[in-house]
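What TrEMBL says about this one:
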| type | residues | note |
| --- | --- | --- |
| BINDING | A:Ala33, A:Gly34, A:Pro35, A:Gly36, A:Ser37, A:Gly38, A:Lys39, A:Thr40 | ATP binding site |
| DOMAIN | A:12-329 | domain 'UvrD-like helicase ATP-binding' |
Amino acid sequence: MNLDTMFAQSGFTPNPQQERAIKHLSNPLFLIAGPGSGKTRVLLWRTVNLLVFQKIDPKRIFLSTFTEKAAKQLRDGLETILGQVTNQTGRRFNLSKMYIGTVHSLCQRMLGDRRFVPDRSRQQIPSLLDELDQYFLLHHYRFWEEFLSEIGMEREQFLEEQKDFFKNGSRSRHQATVSMISLFNRWSEENLPVEELRKFSSCDAFLDKLVTIYQLYLQKLRGGKHRQADFSLLQQEALQMLMNNDRVIHEFEHIIIDEYQDTNAIQEKIFFRLAEGHKNICVVGDDDQALYRFRGATVENFVQFPQRCQEYLQVKPTEIKLSVNYRSRKKIVDFYTAFMEQEDWGREDGKGFYRLADKGIRANSIDTRASVIASTNTDNESIAEEIALLVKKLLDEKKVADPNQIAFLFSSLKARPVVLMKRALEKMGLNVYAPRATRFFELEEPIAVMGLFLSIFGKPQDNGYAGDYQRFQEWMELCLKRAEELMKEDQHLARYISKKRMEVEQTAKDYQLLTGKVEEEGWDLQGPYDPDIHKQILKDTEGISKEAKKGLGSYVLDRIAKRKLEENEPFTLHYIVNRVSSLDWSVLDCFYRLCRFKYFQQMFELAENGTDEGPIWNLSQMTKYLARYMEQNQVVISGRLLVENRFVQSFFMGFVYSLYRLGETELENGDNPFPKGRIPFLTIHQSKGLEFPVVILGSLNSKRRTQRVEEIVRPMLNRNSEPLEKVPDFDMMRMYYVALSRAENLLVIANARGRGISTFKPFKEMLDKKTLRIPDFDLATLPAVIMKQDVLPRIYSYTSDFLLYQKCPRQYMVFRKYGFVPSRSQTMFFGTLVHKTIEDLHNRLISLKREVKL
Amino acid sequence: MDQKEVRQFIIDAFEENYELMRMEGGHAITGEAKQKALEQVLLYWEKLHELAERVTDTEILLTLPEQRTPAGRKYTIQGVVDIVEENGETVMYDVKTHDCDTVAGNPELYEVQLNIYAYIWQTLRRQSLDGAGIIATGQTEALKEAFRSNQEEKIIQAVEEWDPVITIPLDPDRVEATICRFGEVVDRIEDCKFHPPDWTKLKEPVTARKTLPFATHVCRNCDVRFSCRSYRTYAQNQTGKSGLKMEKFLDDYGNDEEQQEWMDGNLESDLDGLE
């Protein structure tokens, strides 16, 4: 068996560049991969080549991808191909030891891996603070009190100064927190230690204060009983570990980094450090598709890779260009290639370019019929109608198989054309899926759920502040109104909600009555609880509910309480009072019960039929938020929390309000990227790495974003970077390039004109009288979508897919496919966790046995 | 490693896996479920340490690539097993996190599974195999009861009586039909067909020892049962003509013991330190 016979078996015929890349294995490889050029396949086969023919041990390969989803695809692909090899040759491959994943997860893995620790001892890995956790920590009023006293500033004064400093136009704690987070993360990603930052902040008093806050934040994460790290610091920790141990440079024989144009400064240091020993580093990317500067990515990592290789490794990389596009029809490729030429990428000194020039991008397709069309040159309203009509025709004439094959892309989903376009489509009876178009909490499903929760627990008082606060109060009113409507439509629901409301009221009352009783009896609330002494008297408290009586009377509770007494760790009376006056359900329990009512139930049914997946994704997201609240705060809603109004405050005014303001969803869908039956509305960033038969570029605006953090950080860096004044245009070029290159069969450009509409200059040049307009487009020339066989066949597990589905398809759908967080049932996550740990145990035992033998 | 060290090893490995999985796939279980998962591994070690120490190869990935569904989709079947090789004999084990009563209640499901694995192992990889079995680490009702009682002798006895290893007979004839059925399931998943089983199936027993019906064993442990048509029809039919009162139906949070356990694990204990 050799590579060529394997290609043949898999029906893959690589082009010469692809083949060269797959077979080039030693020394640095600089792989410049244009859109749709078969990059994933090349990565896959190159890795197969390493594992099968070069006999590289999987644990000696480090392969980093941009998302977990991409990592999973590659892993699945490898397992399929390697499975064939095993079946034919008997050779086995243990991929679980291979380092494949996002940089963050690989960093976390290295931190816990004995291989990287000088004395090979087991390390405690830091627990991860994700973006929301980080926000909640930095936004917490206690943190604010702490740092304000540390920097000796009043809150109002701080808010005022930060507004000027960050130019964020807001004096709110929320906005200040968001701005600080982006600066702090950038500092961490540039690996700038506090002492270094002080050198720059000495001449700027406010910057100096920010450095102090950053320092305090670092202490907080590192000083707790369990070390924590946010995404950026996780990388810093990993780098530090790697720098402290010289053996690490030989641990990986091959370092492969995908989407290299979107890596940051600290990641580059990590990769080169790991590659120091064997020098086999392969980077894959496309500078034209760099999108993540706002998250600290530096496209220079890619553009200047040859120089960096010289600096770090003293070798020159081999450069291979993957330039044949297999995705798009010819005119589409021609269009976006010409688009990129509209900008002057030359350096001021005339020596070279800020972009990798001469990519030689060309289409594989020889279909030269029209595939790029623009709307009529008119106002946004008319354009929306014109495009909606076109979409309807595409569907009616079966040019696409499902609405989810038509993607609308926008630079931002908060713009007016988005609303107009959505409205126009809905008027035609077409459903839209726009996970980031509105804030999550402005979607129909969360409004209904929150409205019902507000009806149960009561709305927090309005203290009359302006701004976001007022908008949030109005939003809660809106939710309540919606809940009223739903209850009017469904008597059962109304009855259920009123029953829950009564339980909440009664629970608070129980708590008050019982603490009153304790006081009346002259007992100490902090004293030990002994069922023999206290139980009956408490049970006889007048006016308490039968639930509280039942709680006090529980034999199980008696047994636990007695045991606690014997163990000399008795429950306090306060604990018992609180326990028996607690709701026996959590917010998540309540959510699952609300799903029983018609309004929600029909959403489940739509998903069960495969008709519409939009609502079920939103419900799934809801369970994630509720579970997060419970994890951060508490699960049980006790009488005490209700009496002191703490629950309502922490849930609505703390948690939900923050999410509402952040306006974020953490959505990264699993296998099926976009719900069936709906037309996706995406930001261009969300469309990264995806392709669609039809793409509609919804607006061509040229809003320049000044990158304040970039401005602050630039002086602190000693780097050959793109000039600040060029950055906005460069970034916009790359963003639109990504958008244009997503289309396979048809690219439609909304070309609005009129008052207040700004058009990005290169589009003005390219869209003119010669451009084919929608009304003149002959739909008959458009080929229908051929269902493409996935490059990588899907892997189905006997147990977690087949058996689970056999048991109950609906349960499979909810927990496995849509990832609902269960409240009380056990799921996949549970099983995998047990399995992985048993595997670790077995491995440990096996290696111990080997040691004994030796 | 002495017992204490193994225990500590399990706890550390467990925590690390939890953190890594949370990062890779997002967080997905409550603190209480996490505790249960750890207990399961610890109990596995306590009961089956002799078997665990004999394992020669763990988590071996078995794949059956190049399969096609009836609708023409290409896919790969995957499974994972542990291997014990001793005195020239090879036995294949599959570790399952459900309890042995459930496994014994549906032997054919697992027989077919291990037979497919055996097929990959023997026919495709040409390696010898002398036996196969399931290790069911989940707690049976009897075990759960014993732990709840918190009485040492009861627990010891229950652990003693617990038999989590189930031997599976090897019979290669059934492989083909199952692979065919597998393909149909893949098509149904890809076509988004997710209807629950008919409500009458919910009445059928699924476990071996205690004859728990599907509705109790599977549905009562499923948070989305309330919005499930089949479960509701089942519940209504259980209580005779008057139908189950909705309130009672929705206020099912398990029995008193489960409820107290839930409180125990989740109620704030630090009443004065909370903000």
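Using the three backbone atoms N, Cα and C, a Cβ is placed for every residue, glycine included.
In TrEMBL, annotation is done automatically, which means it is predicted and not curated.
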* Neighbours of A:Ala33, A:Gly34, A:Pro35, A:Gly36, A:Ser37, A:Gly38, A:Lys39, A:Thr40 excl. site residues, C-beta within 8 Å of centre, ATP -> A:Asp286, A:Leu322, A:Asn325, A:Tyr326, A:Arg327
* Structure fact -> For A:Ala33 (ATP binding site), the nonlocal same-chain Cβ neighbours (under 8 Å, six or more residues apart) come out as A:Lys39, A:Val42, A:Val284, A:Gly285, A:Asp286, A:Lys321, A:Leu322
* Asked: Does A:Pro35 (ATP binding site) have same-chain partners at least 6 apart in sequence with Cβ under 8 Å from its own Cβ, and which are they?
  -> A:Asp286, A:Gln289, A:Asn325, A:Arg327, A:Ser328, A:Tyr336, A:Ile361, A:Val738, A:Ser741, A:Arg742
* Compute the average pLDDT of the predicted model within the domain 'UvrD-like helicase ATP-binding' (A:12-329). => 93
* Asked: Counting other Cβ atoms within 10 Å of each Cβ, which of the binding-site residues A:Ser37, A:Thr40 scores lowest?
  -> A:Thr40
